[in-house]
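Chemist: Here it is, the structure, as C-alpha coordinates.
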Ligand SMILES: Nc1ncnc2c1ncn2[C@@H]1O[C@H](COP(=O)(O)OP(=O)(O)OP(=O)(O)O)[C@@H](O)[C@H]1O
(Lines of atoms letter the chains of each structure in order from A and count residues from 1; the text may use other names and numbers.)
(Lines give C-alpha, C1' and ligand atoms only; values in the text may rest on other atoms or scores of the structure.)
Protein backbone atom coordinates (compact mmCIF):
# COMPACT_ATOMS: atom_id res chain seq x y z
CA UNK A 1 0.00 0.00 0.00
CA UNK A 2 1.38 3.41 -0.96
CA UNK A 3 1.89 5.71 1.97
CA UNK A 4 1.21 9.43 1.72
CA UNK A 5 3.71 12.16 2.36
CA UNK A 6 2.85 15.15 4.55
CA UNK A 7 3.76 18.60 3.28
CA UNK A 8 6.56 20.47 5.01
CA UNK A 9 5.32 22.10 8.22
CA UNK A 10 6.41 25.56 6.96
CA UNK A 11 2.98 26.05 5.43
CA UNK A 12 1.44 25.76 8.87
CA UNK A 13 3.65 28.66 10.01
CA UNK A 14 2.40 30.81 7.11
CA UNK A 15 -1.21 29.86 7.91
CA UNK A 16 -0.62 30.56 11.61
CA UNK A 17 0.73 34.06 10.88
CA UNK A 18 -2.20 34.83 8.59
CA UNK A 19 -4.56 33.52 11.29
CA UNK A 20 -2.98 35.87 13.83
CA UNK A 21 -3.56 38.79 11.49
CA UNK A 22 -7.20 37.80 11.15
CA UNK A 23 -7.68 37.54 14.91
CA UNK A 24 -5.82 40.78 15.67
CA UNK A 25 -7.28 42.76 12.72
CA UNK A 26 -10.14 44.47 14.61
CA UNK A 27 -7.62 45.88 17.10
CA UNK A 28 -5.38 47.17 14.31
CA UNK A 29 -7.75 48.58 11.68
CA UNK A 30 -10.42 51.26 11.71
CA UNK A 31 -14.11 50.68 10.95
CA UNK A 32 -13.89 51.74 7.30
CA UNK A 33 -10.92 49.50 6.55
CA UNK A 34 -12.58 46.59 8.36
CA UNK A 35 -15.67 47.03 6.18
CA UNK A 36 -13.56 47.12 3.03
CA UNK A 37 -11.51 44.11 4.08
CA UNK A 38 -14.55 41.98 4.91
CA UNK A 39 -15.92 42.54 1.40
CA UNK A 40 -12.47 41.97 -0.09
CA UNK A 41 -12.18 38.65 1.80
CA UNK A 42 -15.36 37.40 0.14
CA UNK A 43 -14.13 38.51 -3.30
CA UNK A 44 -10.73 36.92 -2.65
CA UNK A 45 -12.42 33.56 -2.00
CA UNK A 46 -13.85 33.70 -5.53
CA UNK A 47 -10.50 34.83 -6.93
CA UNK A 48 -8.97 31.64 -5.48
CA UNK A 49 -11.52 29.55 -7.40
CA UNK A 50 -10.74 31.48 -10.61
CA UNK A 51 -7.06 30.71 -10.10
CA UNK A 52 -7.72 27.00 -9.68
CA UNK A 53 -9.81 26.94 -12.85
CA UNK A 54 -7.64 29.25 -14.96
CA UNK A 55 -4.20 29.14 -13.40
CA UNK A 56 -4.06 25.42 -12.74
CA UNK A 57 -6.52 23.85 -15.19
CA UNK A 58 -6.26 26.32 -18.07
CA UNK A 59 -9.99 27.16 -18.19
CA UNK A 60 -10.25 30.93 -18.58
CA UNK A 61 -13.62 31.73 -17.03
CA UNK A 62 -15.57 34.96 -16.71
CA UNK A 63 -18.43 33.07 -15.08
CA UNK A 64 -17.38 32.82 -11.42
CA UNK A 65 -19.12 36.14 -10.72
CA UNK A 66 -22.41 34.48 -11.70
CA UNK A 67 -22.03 31.92 -8.91
CA UNK A 68 -21.08 34.68 -6.48
CA UNK A 69 -24.24 36.54 -7.54
CA UNK A 70 -26.34 33.39 -7.12
CA UNK A 71 -25.12 33.05 -3.53
CA UNK A 72 -25.63 36.75 -2.80
CA UNK A 73 -29.16 36.74 -4.25
CA UNK A 74 -30.04 33.53 -2.40
CA UNK A 75 -29.32 35.46 0.82
CA UNK A 76 -31.00 38.66 -0.39
CA UNK A 77 -34.17 36.97 -1.66
CA UNK A 78 -34.72 34.68 1.34
CA UNK A 79 -33.95 37.37 3.92
CA UNK A 80 -36.11 39.95 2.13
CA UNK A 81 -39.14 37.79 1.35
CA UNK A 82 -38.91 35.20 4.13
CA UNK A 83 -37.06 36.39 7.18
CA UNK A 84 -33.81 35.77 9.00
CA UNK A 85 -34.72 32.98 11.42
CA UNK A 86 -32.25 30.05 11.67
CA UNK A 87 -34.53 28.11 9.31
CA UNK A 88 -34.35 30.90 6.73
CA UNK A 89 -30.57 31.08 7.07
CA UNK A 90 -30.35 27.34 6.42
CA UNK A 91 -32.72 27.72 3.46
CA UNK A 92 -30.71 30.60 1.98
CA UNK A 93 -27.39 28.78 2.36
CA UNK A 94 -28.78 25.54 0.90
CA UNK A 95 -30.31 27.49 -2.00
CA UNK A 96 -26.96 29.22 -2.64
CA UNK A 97 -25.08 25.91 -2.72
CA UNK A 98 -27.70 23.93 -4.66
CA UNK A 99 -28.36 26.63 -7.29
CA UNK A 100 -24.64 27.32 -7.83
CA UNK A 101 -23.90 23.58 -8.15
CA UNK A 102 -26.80 22.95 -10.54
CA UNK A 103 -25.97 25.92 -12.79
CA UNK A 104 -22.27 24.95 -12.80
CA UNK A 105 -23.10 21.36 -13.73
CA UNK A 106 -25.22 22.61 -16.64
CA UNK A 107 -22.56 25.11 -17.73
CA UNK A 108 -19.86 22.42 -17.53
CA UNK A 109 -21.94 19.98 -19.53
CA UNK A 110 -22.57 22.61 -22.22
CA UNK A 111 -18.98 23.89 -22.27
CA UNK A 112 -16.80 20.80 -22.01
CA UNK A 113 -18.40 18.37 -24.41
CA UNK A 114 -16.01 16.26 -26.45
CA UNK A 115 -14.27 18.24 -29.13
CA UNK A 116 -15.25 21.65 -27.68
CA UNK A 117 -12.38 24.12 -27.83
CA UNK A 118 -11.15 26.03 -24.76
CA UNK A 119 -12.25 29.21 -26.54
CA UNK A 120 -15.83 27.90 -26.72
CA UNK A 121 -15.80 27.13 -22.97
CA UNK A 122 -14.59 30.67 -22.25
CA UNK A 123 -17.33 32.18 -24.41
CA UNK A 124 -19.92 30.08 -22.57
CA UNK A 125 -18.56 31.36 -19.26
CA UNK A 126 -19.05 34.90 -20.57
CA UNK A 127 -22.64 34.22 -21.53
CA UNK A 128 -23.65 32.99 -18.06
CA UNK A 129 -23.19 36.27 -16.11
CA UNK A 130 -24.87 38.22 -18.91
CA UNK A 131 -27.91 35.91 -18.89
CA UNK A 132 -28.08 35.90 -15.09
CA UNK A 133 -27.91 39.70 -14.86
CA UNK A 134 -30.74 39.96 -17.39
CA UNK A 135 -32.84 37.51 -15.36
CA UNK A 136 -32.26 39.57 -12.22
CA UNK A 137 -33.12 42.79 -14.07
CA UNK A 138 -36.36 41.29 -15.34
CA UNK A 139 -37.34 40.00 -11.87
CA UNK A 140 -39.29 43.18 -11.01
CA UNK A 141 -40.02 43.81 -7.33
CA UNK A 142 -39.05 40.27 -6.45
CA UNK A 143 -35.36 40.74 -7.33
CA UNK A 144 -35.41 44.52 -6.98
CA UNK A 145 -34.57 44.83 -10.70
CA UNK A 146 -31.69 47.29 -11.36
CA UNK A 147 -31.75 48.64 -7.78
CA UNK A 148 -31.27 45.21 -6.25
CA UNK A 149 -32.44 44.37 -2.75
CA UNK A 150 -31.47 46.48 0.25
CA UNK A 151 -32.16 46.87 3.94
CA UNK A 152 -32.95 43.25 4.79
CA UNK A 153 -31.97 41.74 8.12
CA UNK A 154 -29.51 38.85 8.26
CA UNK A 155 -27.22 37.76 11.10
CA UNK A 156 -26.94 39.90 14.20
CA UNK A 157 -23.14 40.05 14.26
CA UNK A 158 -20.65 42.76 15.17
CA UNK A 159 -18.19 44.12 12.59
CA UNK A 160 -15.34 42.40 14.43
CA UNK A 161 -17.13 39.05 14.26
CA UNK A 162 -17.81 39.49 10.53
CA UNK A 163 -14.15 40.34 9.96
CA UNK A 164 -13.00 37.22 11.78
CA UNK A 165 -15.55 34.96 10.10
CA UNK A 166 -14.73 36.25 6.60
CA UNK A 167 -10.98 36.21 7.28
CA UNK A 168 -11.04 32.68 8.67
CA UNK A 169 -13.22 31.58 5.75
CA UNK A 170 -10.68 32.96 3.27
CA UNK A 171 -7.83 31.35 5.18
CA UNK A 172 -9.62 28.01 5.26
CA UNK A 173 -10.45 28.08 1.54
CA UNK A 174 -6.92 29.20 0.57
CA UNK A 175 -5.30 26.54 2.75
CA UNK A 176 -7.53 23.76 1.43
CA UNK A 177 -6.91 25.01 -2.12
CA UNK A 178 -3.15 25.05 -1.48
CA UNK A 179 -3.12 21.47 -0.20
CA UNK A 180 -5.27 20.46 -3.16
CA UNK A 181 -3.08 22.00 -5.86
CA UNK A 182 0.07 20.58 -4.25
CA UNK A 183 -1.48 17.11 -4.02
CA UNK A 184 -1.33 14.32 -6.58
CA UNK A 185 -4.86 15.24 -7.71
CA UNK A 186 -3.69 18.84 -8.17
CA UNK A 187 -0.99 17.64 -10.55
CA UNK A 188 -3.73 16.07 -12.67
CA UNK A 189 -5.17 19.56 -13.18
CA UNK A 190 -1.79 20.84 -14.39
CA UNK A 191 -1.54 17.85 -16.73
CA UNK A 192 -4.96 18.72 -18.17
CA UNK A 193 -3.81 22.32 -18.64
CA UNK A 194 -0.58 21.22 -20.35
CA UNK A 195 -2.00 18.55 -22.64
CA UNK A 196 -5.61 17.52 -22.29
CA UNK A 197 -5.71 15.01 -25.13
CA UNK A 198 -2.67 13.17 -23.73
CA UNK A 199 -4.53 12.86 -20.41
CA UNK A 200 -7.39 11.14 -22.24
CA UNK A 201 -4.94 8.55 -23.60
CA UNK A 202 -3.87 7.92 -20.00
CA UNK A 203 -7.46 6.97 -19.20
CA UNK A 204 -8.30 10.22 -17.37
CA UNK A 205 -11.87 11.37 -17.95
CA UNK A 206 -10.90 15.02 -18.39
CA UNK A 207 -14.43 16.26 -19.08
CA UNK A 208 -15.68 14.73 -15.84
CA UNK A 209 -12.72 16.17 -13.89
CA UNK A 210 -13.40 19.65 -15.27
CA UNK A 211 -17.14 19.50 -14.56
CA UNK A 212 -16.60 18.28 -10.98
CA UNK A 213 -14.00 21.00 -10.45
CA UNK A 214 -16.30 23.67 -11.87
CA UNK A 215 -19.13 22.53 -9.58
CA UNK A 216 -16.83 22.62 -6.53
CA UNK A 217 -15.53 26.09 -7.51
CA UNK A 218 -19.11 27.30 -8.04
CA UNK A 219 -20.15 26.07 -4.59
CA UNK A 220 -17.27 27.98 -2.99
CA UNK A 221 -18.18 31.11 -4.99
CA UNK A 222 -21.85 30.64 -4.03
CA UNK A 223 -20.97 30.43 -0.32
CA UNK A 224 -18.74 33.51 -0.65
CA UNK A 225 -21.64 35.34 -2.33
CA UNK A 226 -23.99 34.22 0.45
CA UNK A 227 -21.53 35.63 3.00
CA UNK A 228 -21.24 38.90 1.09
CA UNK A 229 -25.02 39.27 0.72
CA UNK A 230 -25.56 38.49 4.41
CA UNK A 231 -22.87 40.93 5.57
CA UNK A 232 -23.60 43.86 3.32
CA UNK A 233 -27.41 43.79 3.48
CA UNK A 234 -27.38 44.84 -0.19
CA UNK A 235 -27.38 42.80 -3.38
CA UNK A 236 -27.32 44.28 -6.88
CA UNK A 237 -27.19 42.81 -10.42
CA UNK A 238 -23.54 43.90 -10.71
CA UNK A 239 -22.60 41.16 -8.24
CA UNK A 240 -23.39 38.55 -10.87
CA UNK A 241 -22.28 40.55 -13.90
CA UNK A 242 -19.50 39.97 -16.33
CA UNK A 243 -17.69 43.16 -15.18
CA UNK A 244 -17.04 41.50 -11.82
CA UNK A 245 -16.13 38.30 -13.73
CA UNK A 246 -13.51 40.28 -15.66
CA UNK A 247 -12.24 42.02 -12.52
CA UNK A 248 -11.68 38.63 -10.92
CA UNK A 249 -9.46 37.69 -13.84
CA UNK A 250 -7.57 40.97 -13.52
CA UNK A 251 -6.96 40.41 -9.80
CA UNK A 252 -5.69 36.89 -10.52
CA UNK A 253 -3.43 38.03 -13.37
CA UNK A 254 -2.04 40.97 -11.40
CA UNK A 255 -1.36 38.90 -8.30
CA UNK A 256 0.06 35.92 -10.17
CA UNK A 257 -1.88 33.27 -12.05
CA UNK A 258 -1.32 29.73 -10.82
CA UNK A 259 0.13 30.75 -7.45
CA UNK A 260 -2.94 30.92 -5.13
CA UNK A 261 -1.14 33.54 -3.01
CA UNK A 262 -1.27 35.94 -5.95
CA UNK A 263 -5.06 36.06 -6.40
CA UNK A 264 -5.58 36.58 -2.66
CA UNK A 265 -3.04 39.42 -2.55
CA UNK A 266 -4.34 40.85 -5.86
CA UNK A 267 -7.97 40.84 -4.69
CA UNK A 268 -7.19 42.37 -1.30
CA UNK A 269 -4.80 45.01 -2.63
CA UNK A 270 -7.02 46.20 -5.45
CA UNK A 271 -10.19 46.26 -3.37
CA UNK A 272 -8.52 48.25 -0.61
CA UNK A 273 -6.81 50.58 -3.08
CA UNK A 274 -10.09 51.06 -4.96
CA UNK A 275 -11.93 51.91 -1.73
CA UNK A 276 -9.42 54.64 -0.89
CA UNK A 277 -8.50 55.96 -4.32
CA UNK A 278 -11.73 55.76 -6.30
CA UNK A 279 -13.24 58.56 -4.19
CA UNK A 280 -10.27 60.90 -4.64
CA UNK A 281 -9.55 59.89 -8.26
CA UNK A 282 -13.04 59.02 -9.52
CA UNK A 283 -12.21 59.24 -13.23
CA UNK A 284 -8.54 58.34 -13.27
CA UNK A 285 -8.72 55.27 -11.01
CA UNK A 286 -10.12 52.84 -13.58
CA UNK A 287 -7.54 54.11 -16.07
CA UNK A 288 -4.73 53.59 -13.56
CA UNK A 289 -6.00 50.08 -12.85
CA UNK A 290 -6.25 49.25 -16.57
CA UNK A 291 -2.75 50.59 -17.25
CA UNK A 292 -1.33 48.60 -14.31
CA UNK A 293 -3.01 45.48 -15.68
CA UNK A 294 -1.54 45.94 -19.16
CA UNK A 295 1.90 46.75 -17.69
CA UNK A 296 1.90 43.62 -15.54
CA UNK A 297 0.69 41.40 -18.37
CA UNK A 298 3.42 42.71 -20.69
CA UNK A 299 6.30 43.13 -18.24
CA UNK A 300 5.50 40.56 -15.55
CA UNK A 301 3.44 37.78 -17.12
CA UNK A 302 3.90 35.76 -13.92
CA UNK A 303 2.23 38.54 -11.86
CA UNK A 304 3.40 40.57 -8.88
CA UNK A 305 3.55 37.96 -6.13
CA UNK A 306 6.13 35.67 -7.80
CA UNK A 307 8.31 38.78 -8.28
CA UNK A 308 7.95 39.82 -4.65
CA UNK A 309 8.63 36.28 -3.43
CA UNK A 310 11.71 35.77 -5.62
CA UNK A 311 14.20 36.76 -2.86
CA UNK A 312 12.60 34.16 -0.59
CA UNK A 313 12.94 31.30 -3.09
CA UNK A 314 15.36 29.34 -0.86
CA UNK A 315 12.64 29.27 1.83
CA UNK A 316 10.23 27.63 -0.59
CA UNK A 317 11.44 24.17 0.44
CA UNK A 318 10.15 24.90 3.95
CA UNK A 319 6.65 25.36 2.59
CA UNK A 320 6.46 22.75 -0.15
CA UNK A 321 8.77 19.78 -0.39
CA UNK A 322 9.49 18.70 -3.98
CA UNK A 323 11.26 15.45 -3.08
CA UNK A 324 10.55 12.88 -5.79
CA UNK A 325 8.81 9.69 -4.66
CA UNK A 326 10.59 6.37 -4.22
CA UNK A 327 9.97 3.97 -7.10
CA UNK A 328 8.63 0.57 -6.08
CA UNK A 329 7.60 -2.47 -8.07
CA UNK A 330 3.87 -3.07 -8.28
CA UNK A 331 2.43 -6.46 -9.17
CA UNK A 332 0.42 -6.08 -12.40
CA UNK A 333 -3.30 -6.66 -12.03
CA UNK A 334 -4.58 -9.93 -13.49
CA UNK A 335 -6.12 -9.33 -16.94
CA UNK A 336 -9.92 -9.64 -16.71
CA UNK A 337 -10.07 -11.62 -19.98
CA UNK A 338 -8.93 -15.18 -20.62
CA UNK A 339 -5.59 -15.51 -22.43
CA UNK A 340 -7.40 -17.03 -25.41
CA UNK A 341 -9.25 -13.77 -26.12
CA UNK A 342 -7.45 -11.92 -28.94
CA UNK A 343 -5.81 -8.66 -27.92
CA UNK A 344 -7.00 -6.92 -31.07
CA UNK A 345 -9.68 -7.80 -33.58
CA UNK A 346 -10.69 -5.44 -36.38
CA UNK A 347 -13.21 -6.13 -39.08
CA UNK A 348 -14.22 -4.02 -42.06
CA UNK A 349 -12.71 -0.85 -40.61
CA UNK A 350 -12.93 2.16 -42.91
CA UNK A 351 -12.09 5.80 -42.58
CA UNK A 352 -12.57 8.66 -44.98
CA UNK A 353 -12.08 12.40 -44.81
CA UNK A 354 -14.82 13.74 -47.06
CA UNK A 355 -14.32 12.02 -50.39
CA UNK A 356 -10.76 10.93 -49.53
CA UNK A 357 -10.84 7.25 -48.57
CA UNK A 358 -7.90 6.72 -46.23
CA UNK A 359 -8.73 3.22 -44.91
CA UNK A 360 -10.98 0.58 -46.43
CA UNK A 361 -11.98 -2.94 -45.40
CA UNK A 362 -9.29 -3.40 -42.75
CA UNK A 363 -9.44 -6.87 -41.13
CA UNK A 364 -6.70 -7.37 -38.56
CA UNK A 365 -6.18 -9.78 -35.71
CA UNK A 366 -3.39 -9.82 -33.12
CA UNK A 367 -2.80 -11.96 -30.03
CA UNK A 368 -1.02 -11.49 -26.73
CA UNK A 369 2.74 -11.97 -27.13
CA UNK A 370 2.75 -10.82 -30.77
CA UNK A 371 4.88 -7.93 -31.96
CA UNK A 372 3.25 -6.69 -35.12
CA UNK A 373 5.22 -4.45 -37.46
CA UNK A 374 2.89 -2.19 -39.46
CA UNK A 375 4.75 -0.89 -42.48
CA UNK A 376 3.87 0.97 -45.65
CA UNK A 377 4.93 4.01 -47.64
CA UNK A 378 4.14 7.57 -46.56
CA UNK A 379 0.43 8.30 -46.59
CA UNK A 380 -0.54 4.60 -46.57
CA UNK A 381 -2.82 5.19 -43.56
CA UNK A 382 -0.74 3.73 -40.71
CA UNK A 383 -1.27 6.58 -38.23
CA UNK A 384 -4.95 6.75 -39.16
CA UNK A 385 -5.23 3.03 -38.40
CA UNK A 386 -3.64 3.64 -34.98
CA UNK A 387 -6.19 6.37 -34.35
CA UNK A 388 -9.06 4.07 -35.32
CA UNK A 389 -7.83 1.45 -32.86
CA UNK A 390 -7.43 3.87 -29.97
CA UNK A 391 -10.48 6.11 -30.39
CA UNK A 392 -13.95 4.75 -31.12
CA UNK A 393 -15.02 8.08 -32.60
CA UNK A 394 -12.46 7.95 -35.42
CA UNK A 395 -13.57 5.24 -37.82
CA UNK A 396 -16.45 5.54 -40.27
CA UNK A 397 -17.30 1.82 -40.52
CA UNK A 398 -16.38 -1.57 -39.13
CA UNK A 399 -15.72 -2.90 -35.64
CA UNK A 400 -12.74 -2.77 -33.30
CA UNK A 401 -12.58 -5.20 -30.38
CA UNK A 402 -9.89 -4.73 -27.71
CA UNK A 403 -9.30 -7.69 -25.39
CA UNK A 404 -12.86 -8.88 -26.02
CA UNK A 405 -14.48 -5.42 -25.62
CA UNK A 406 -16.17 -3.79 -28.60
CA UNK A 407 -15.02 -0.16 -28.47
CA UNK A 408 -18.09 1.06 -30.37
CA UNK A 409 -17.92 4.86 -30.44
CA UNK A 410 -16.14 5.15 -27.09
CA UNK A 411 -13.53 7.89 -26.58
CA UNK A 412 -9.83 7.13 -25.91
CA UNK A 413 -10.12 7.30 -22.11
CA UNK A 414 -12.63 4.43 -22.22
CA UNK A 415 -10.50 2.41 -24.66
CA UNK A 416 -7.60 2.69 -22.20
CA UNK A 417 -9.76 0.89 -19.63
CA UNK A 418 -10.05 -2.03 -22.10
CA UNK A 419 -6.26 -2.48 -21.93
CA UNK A 420 -5.05 -0.09 -24.62
CA UNK A 421 -1.89 2.00 -24.39
CA UNK A 422 -0.81 4.36 -27.15
CA UNK A 423 2.66 5.82 -27.48
CA UNK A 424 2.75 8.85 -29.73
CA UNK A 425 5.45 9.64 -32.26
CA UNK A 426 6.21 13.10 -30.86
CA UNK A 427 6.37 12.50 -27.14
CA UNK A 428 3.82 15.11 -26.01
CA UNK A 429 4.83 14.98 -22.37
CA UNK A 430 3.46 17.52 -19.90
CA UNK A 431 5.70 20.56 -20.04
CA UNK A 432 5.42 21.82 -16.47
CA UNK A 433 5.70 18.46 -14.75
CA UNK A 434 8.76 16.55 -13.63
CA UNK A 435 9.49 12.98 -14.70
CA UNK A 436 8.12 11.66 -11.38
CA UNK A 437 4.96 13.75 -11.72
CA UNK A 438 4.42 12.54 -15.31
CA UNK A 439 4.71 8.97 -14.08
CA UNK A 440 2.30 9.69 -11.24
CA UNK A 441 -0.24 11.09 -13.74
CA UNK A 442 0.15 7.90 -15.76
CA UNK A 443 -0.88 5.81 -12.75
CA UNK A 444 -4.05 7.85 -12.12
CA UNK A 445 -6.40 5.09 -13.29
CA UNK A 446 -4.57 2.46 -11.22
CA UNK A 447 -4.18 4.38 -7.94
CA UNK A 448 -6.71 7.12 -7.26
CA UNK A 449 -4.63 10.26 -6.50
CA UNK A 450 -5.03 11.86 -3.08
CA UNK A 451 -6.84 15.22 -2.94
CA UNK A 452 -4.58 16.63 -0.21
CA UNK A 453 -1.27 14.79 -0.29
CA UNK A 454 1.54 13.58 -2.48
CA UNK A 455 2.24 9.88 -2.16
CA UNK A 456 5.77 9.08 -0.99
CA UNK A 457 6.15 6.02 -3.19
CA UNK A 458 5.31 5.44 -6.82
CA UNK A 459 4.38 1.91 -7.85
CA UNK A 460 5.14 0.75 -11.41
CA UNK A 461 4.68 -2.67 -12.99
CA UNK A 462 7.96 -4.59 -13.44
CA UNK A 463 8.25 -3.98 -17.20
CA UNK A 464 7.82 -0.21 -16.72
CA UNK A 465 10.37 -0.24 -13.92
CA UNK A 466 12.80 -2.14 -16.19
CA UNK A 467 12.56 0.63 -18.80
CA UNK A 468 13.02 3.33 -16.14
CA UNK A 469 16.19 1.66 -14.91
CA UNK A 470 17.71 0.72 -18.28
CA UNK A 471 17.20 4.21 -19.68
CA UNK A 472 18.43 6.00 -16.54
CA UNK A 473 15.14 7.81 -15.93
CA UNK A 474 15.31 6.82 -12.25
CA UNK A 475 18.22 9.28 -11.93
CA UNK A 476 16.15 12.11 -13.40
CA UNK A 477 12.90 11.86 -11.45
CA UNK A 478 12.90 15.52 -10.45
CA UNK A 479 13.93 16.81 -13.90
CA UNK A 480 11.23 18.79 -15.72
CA UNK A 481 10.08 16.57 -18.60
CA UNK A 482 10.58 19.19 -21.31
CA UNK A 483 14.25 19.52 -20.31
CA UNK A 484 14.98 15.84 -21.06
CA UNK A 485 16.85 14.76 -24.19
CA UNK A 486 14.73 13.50 -27.09
CA UNK A 487 15.64 9.89 -26.31
CA UNK A 488 14.79 10.28 -22.61
CA UNK A 489 11.45 11.88 -23.54
CA UNK A 490 10.66 8.91 -25.76
CA UNK A 491 11.57 6.55 -22.92
CA UNK A 492 9.40 8.52 -20.49
CA UNK A 493 6.51 8.41 -22.95
CA UNK A 494 6.89 4.63 -23.20
CA UNK A 495 7.03 4.19 -19.41
CA UNK A 496 3.90 6.33 -19.05
CA UNK A 497 2.09 4.00 -21.43
CA UNK A 498 3.38 0.90 -19.64
CA UNK A 499 2.36 2.31 -16.23
CA UNK A 500 -1.24 1.85 -17.42
CA UNK A 501 -0.62 -1.92 -17.47
CA UNK A 502 -1.89 -2.20 -21.04
CA UNK A 503 -2.58 -5.53 -22.77
CA UNK A 504 -2.09 -3.99 -26.21
CA UNK A 505 0.47 -1.26 -26.91
CA UNK A 506 0.42 0.92 -30.03
CA UNK A 507 3.75 2.52 -30.88
CA UNK A 508 4.07 5.15 -33.59
CA UNK A 509 7.66 5.29 -34.90
CA UNK A 510 9.30 4.67 -31.51
CA UNK A 511 12.85 4.88 -32.91
CA UNK A 512 12.45 8.21 -34.74
CA UNK A 513 15.30 10.54 -33.75
CA UNK A 514 16.97 8.04 -31.39
CA UNK A 515 20.69 7.28 -31.23
CA UNK A 516 21.89 3.78 -32.09
CA UNK A 517 22.24 2.85 -28.40
CA UNK A 518 18.77 4.16 -27.56
CA UNK A 519 17.36 2.30 -30.55
CA UNK A 520 18.90 -0.95 -29.35
CA UNK A 521 17.54 -0.34 -25.84
CA UNK A 522 14.02 0.27 -27.14
CA UNK A 523 14.30 -2.87 -29.31
CA UNK A 524 15.14 -5.10 -26.36
CA UNK A 525 12.40 -3.50 -24.27
CA UNK A 526 9.79 -4.24 -26.95
CA UNK A 527 10.96 -7.83 -27.35
CA UNK A 528 10.75 -8.34 -23.58
CA UNK A 529 7.28 -6.78 -23.46
CA UNK A 530 5.96 -9.16 -26.09
CA UNK A 531 7.81 -12.37 -25.25
CA UNK A 532 8.34 -12.16 -21.52
CA UNK A 533 5.33 -10.17 -20.38
CA UNK A 534 2.95 -11.34 -23.14
CA UNK A 535 1.81 -7.86 -24.19
CA UNK A 536 0.58 -7.38 -27.75
CA UNK A 537 2.60 -4.62 -29.44
CA UNK A 538 1.63 -2.96 -32.72
CA UNK A 539 4.51 -1.00 -34.13
CA UNK A 540 4.42 1.57 -36.94
CA UNK A 541 7.95 1.95 -38.18
CA UNK A 542 9.83 3.12 -41.27
CA UNK A 543 13.14 1.61 -40.12
CA UNK A 544 12.89 -1.86 -41.72
CA UNK A 545 16.10 -3.08 -40.06
CA UNK A 546 14.56 -2.37 -36.68
CA UNK A 547 11.30 -4.07 -37.68
CA UNK A 548 13.29 -7.11 -38.81
CA UNK A 549 15.04 -7.30 -35.43
CA UNK A 550 11.92 -7.17 -33.26
CA UNK A 551 8.69 -7.97 -35.13
CA UNK A 552 7.09 -11.42 -35.12
CA UNK A 553 4.75 -10.57 -38.01
CA UNK A 554 4.71 -7.84 -40.63
CA UNK A 555 1.54 -6.21 -41.97
CA UNK A 556 1.89 -4.13 -45.12
CA UNK A 557 -0.51 -1.23 -45.61
CA UNK A 558 -0.83 0.44 -48.98
CA UNK A 559 -3.35 3.06 -50.11
CA UNK A 560 -5.59 2.35 -47.14
CA UNK A 561 -5.73 -1.44 -47.41
CA UNK A 562 -3.76 -4.38 -46.00
CA UNK A 563 -2.00 -5.88 -49.01
CA UNK A 564 0.13 -8.50 -47.32
CA UNK A 565 0.95 -10.14 -43.96
CA UNK A 566 3.69 -12.59 -43.05
CA UNK A 567 7.19 -13.02 -41.70
CA UNK A 568 9.80 -10.36 -42.45
CA UNK A 569 11.50 -12.48 -45.14
CA UNK A 570 8.21 -13.30 -46.88
CA UNK A 571 7.35 -9.62 -46.99
CA UNK A 572 10.68 -8.23 -48.19
CA UNK A 573 11.04 -10.96 -50.82
CA UNK A 574 7.58 -10.21 -52.19
CA UNK A 575 7.46 -8.60 -55.62
CA UNK A 576 4.34 -6.69 -54.60
CA UNK A 577 6.08 -5.03 -51.66
CA UNK A 578 9.08 -4.18 -53.81
CA UNK A 579 6.81 -2.49 -56.31
CA UNK A 580 4.93 -0.63 -53.57
CA UNK A 581 8.13 0.77 -52.16
CA UNK A 582 9.32 1.55 -55.69
CA UNK A 583 6.10 3.56 -56.01
CA UNK A 584 4.52 1.69 -58.93
CA UNK A 585 1.85 -0.48 -57.27
CA UNK A 586 -1.86 0.18 -57.88
CA UNK A 587 -4.54 0.57 -55.26
CA UNK A 588 -6.30 -2.63 -56.34
CA UNK A 589 -3.24 -4.82 -55.88
CA UNK A 590 -4.08 -8.14 -54.16
N1 LIG B 1 -7.27 15.06 -40.66
C2 LIG B 1 -7.08 14.73 -41.96
N3 LIG B 1 -7.78 15.33 -42.93
C4 LIG B 1 -7.60 14.98 -44.22
N5 LIG B 1 -6.74 14.03 -44.64
C6 LIG B 1 -6.01 13.41 -43.73
C7 LIG B 1 -6.13 13.71 -42.33
N8 LIG B 1 -5.29 12.90 -41.63
C9 LIG B 1 -4.65 12.13 -42.55
N10 LIG B 1 -5.09 12.44 -43.80
C11 LIG B 1 -4.66 11.81 -45.03
O12 LIG B 1 -4.79 10.43 -44.85
C13 LIG B 1 -3.73 9.76 -45.54
C14 LIG B 1 -3.07 8.80 -44.58
O15 LIG B 1 -2.42 9.55 -43.57
P16 LIG B 1 -1.60 8.84 -42.42
O17 LIG B 1 -1.00 9.91 -41.58
O18 LIG B 1 -2.47 7.86 -41.74
O19 LIG B 1 -0.48 8.07 -43.22
P20 LIG B 1 0.82 7.33 -42.69
O21 LIG B 1 0.88 6.02 -43.36
O22 LIG B 1 0.84 7.33 -41.22
O23 LIG B 1 1.95 8.30 -43.24
P24 LIG B 1 3.39 8.61 -42.64
O25 LIG B 1 4.19 7.36 -42.76
O26 LIG B 1 3.90 9.69 -43.53
O27 LIG B 1 3.19 9.06 -41.23
C28 LIG B 1 -2.82 10.82 -46.08
O29 LIG B 1 -3.12 11.01 -47.43
C30 LIG B 1 -3.18 12.03 -45.29
O31 LIG B 1 -2.98 13.19 -46.05
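Glycine is no exception: its Cβ is also placed from the backbone N, Cα and C atoms.
TrEMBL annotations: computationally assigned, not manually curated.
The shown structure was predicted, so the numbers you read here are calculated from the model rather than taken from an experiment.
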Chemist: Quick check on the annotations: TrEMBL lists transmembrane segment for one of 283-309, 310-336, 337-363. Which range is it?
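Modeler: Of the candidate stretches, TrEMBL labels 283-309 as transmembrane segment.
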Chemist: What stretch, picked from 12-30, 36-54, 161-181, 211-228, has the most CB pairs under 8 A with the transmembrane segment (66-83)?
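Modeler: Looking at each of 12-30, 36-54, 161-181, 211-228 in turn, the most contacts to the transmembrane segment (66-83) are made by 211-228.
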Chemist: So, do the transmembrane segment (161-181) and the transmembrane segment (12-30) meet, by the test of 3 or more Cβ pairs under 8 Å (sequence gap 6 or more)?
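Modeler: Contact between the transmembrane segment (161-181) and the transmembrane segment (12-30): present.
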Chemist: Mind checking which residues reach the transmembrane segment (89-112)? Cβ under 8 Å, same chain, six or more beyond either end.
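Modeler: Tertiary neighbours of the transmembrane segment (89-112) are 63, 66-67, 70-71, 74-75, 77-79, 82, 120-121, 124-125, 128, 154-155, 207, 210-211, 214-215, 217-219, 221-223, 225-226, 230.
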Chemist: Please report, as numbers and ranges, the same-chain residues at least 6 past the borders of the transmembrane segment (12-30) whose CB is under 8 Å from any CB of it.
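Modeler: That would be 37, 159-160, 163-164, 167-168, 171, 175, 318-319.
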